[in-house]
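Swiss-Prot annotations:
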SIGNAL    1-35  signal peptide
TOPO_DOM  36-78  topological domain 'Extracellular'
TRANSMEM  79-99  transmembrane segment
TOPO_DOM  100-123  topological domain 'Cytoplasmic'
TRANSMEM  124-144  transmembrane segment
TOPO_DOM  145-148  topological domain 'Extracellular'
TRANSMEM  149-169  transmembrane segment
TOPO_DOM  170-181  topological domain 'Cytoplasmic'
TRANSMEM  182-202  transmembrane segment
TOPO_DOM  203-207  topological domain 'Extracellular'
TRANSMEM  208-228  transmembrane segment
TOPO_DOM  229-315  topological domain 'Cytoplasmic'
TRANSMEM  316-336  transmembrane segment
TOPO_DOM  337-350  topological domain 'Extracellular'
TRANSMEM  351-371  transmembrane segment
TOPO_DOM  372-381  topological domain 'Cytoplasmic'
TRANSMEM  382-402  transmembrane segment
TOPO_DOM  403-420  topological domain 'Extracellular'
TRANSMEM  421-441  transmembrane segment
TOPO_DOM  442-450  topological domain 'Cytoplasmic'
TRANSMEM  451-471  transmembrane segment
TOPO_DOM  472-482  topological domain 'Extracellular'
TRANSMEM  483-503  transmembrane segment
TOPO_DOM  504-513  topological domain 'Cytoplasmic'
Amino acid sequence: MRTDVFLQRRKRRDVLLSIIALLLLIFAIVHLVFCAGLSFQGSSSARVRRDLENASECVQPQSSEFPEGFFTVQERKDGGILIYFMIIFYMLLSVSIVCDEYFLPSLEVISERLGLSQDVAGATFMAAGSSAPELVTAFLGVFVTKGDIGVSTIMGSAVYNLLCICAACGLLSSAVGRLSCWPLFRDCVAYAISVAAVIAIISDNRVYWYDGACLLLVYGVYVAVLCFDLRISEYVMQRFSPCCWCLKPRDRDSGEQQPLVGWSDDSSLRVQRRSRNDSGIFQDDSGYSHLSLSLHGLNEISDEHKSVFSMPDHDLKRILWVLSLPVSTLLFVSVPDCRRPFWKNFYMLTFLMSAVWISAFTYVLVWMVTIVGETLGIPDTVMGMTLLAAGTSIPDTVASVMVAREGKSDMAMSNIVGSNVFDMLCLGLPWFIQTVFVDVGSPVEVNSSGLVFMSCTLLLSIIFLFLAVHINGWKLDWKLGLVCLACYILFATLSILYELGIIGNNPIRSCSD
């Protein structure tokens, strides 16, 4: 048991370090593109565009959306910024601990009790929990800051969710994952409809009560489709499988079948194979006294689960254990561990409390990253495309990579696309509450400048992702990861050139300039 826990912690550490390295690579490339764009903007051929800067509408800097730091600018430049870097690392570690120790196990128990397949679980509960920071951001934007921070944050990180997280899953997975056509098609269509609805709603810079109700209705229809996903998928496969090879059922020996391990009363280990087309991959079978398909692998939920206060044997692991002990203790006393038999019936409370802590840690993470970017003079354009987008989506990134590394590719992809669909609810719910219960009859004012480019990019990225998966043979591997990474770098390059006014003739400047 101790060896399993150490291996699990090592996997979490490897995933976290790999994600950080990938984000630093993206940040370096995007920053180089920005510097090159500034050089071109200063040339004689681009000076005419700079004359339009005074007439263009300014945007608030990212730092205006958060409280001031606990150091002055000069104190941060004199060395105080190291404290912020340590807080950033600790928040990343905290998010990974919540996801690994509480959030994903609660998702496992929920899926087991409700009989959900991998893709449905990833598109609903996993997407809702990992997108909790966006929901908090949307409520802050409507009720606290009275601005469009929710729109800018959700729309700005949407392309990152689609392309960058998919790239991370493909590049950091140890094995090739097989993808199913129907779940990806279902989620991509739902997200395309959601994006089109948001663009139509905010085109006049005002959101009324029926606009928020429309978004809630779209998400309600999406959830209803998920509830009847088995029947719908069977109909689609029977209707279109003769003309579409990707919808044809795979052989029973393929990787689509998940091994379910159960321990009977005589403690003998038995293995049963069940296709994804069955009613659920987590349902109990007669003759099994204990059944678990762990999101971290085929792990038994033991009565003697490893305590967070047990010290590791090696010195390096002891250092990491001491560093993570405060947050581990905080989570231990505030979140019930549904892996333990006593708390297993409180899995929904575990899920909700995990989402709360994920939101809190992510907010502090993005706050610290924003201050670091402001101190180092990193432009908001580069920050928004890399570190801030990654910060708000770090729960999705960690959760998706973890389940992808265990061979659950459909769950990872459904979480990637499904979390973006849930983000539409993040916009519709606070808008509906504001216009119906708070300021009755008064619309919510939003700023839709520049969203035409963003909306076109979102729709194109959805189409590109689906086509890339199809061309790659419905495999989640390093080739798909490289293609998605290159596409995201291209998107970031075009976005930077657009905001600088090099393309589009519409430079965007900060109000602090």
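A Cβ is built for glycine as well, from the same backbone N, Cα and C atoms used for every other residue.
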Original post:
Looking at the stretches 79-99, 182-202, 316-336, 451-471, which one shares the most CB pairs under 8 Å with the transmembrane segment (351-371)?
Top reply: 79-99
Subject >> Candidate ranges 79-99, 182-202, 208-228 - greatest C-beta contact count to the transmembrane segment (421-441) (under 8 angstroms) >> reply: 208-228
Original post:
Which bits of the chain, at least 6 residues beyond where the transmembrane segment (208-228) starts or stops, bring a Cβ under 8 A of a Cβ in it?
Top reply: 120, 123-124, 186, 190, 193-194, 197-198, 201, 421-422, 424-425, 427-436, 443
Original post:
Who are the chain neighbours of the transmembrane segment (79-99) in space, where the CB to CB distance is under 8 Å and they lie at least 6 residues beyond its ends?
Top reply: 12, 15-16, 20, 69, 71, 130, 323-324, 327-328, 331, 335, 354, 357-358, 361-362, 364-365, 368-369, 371-372, 375-376, 394-395, 398-399, 402
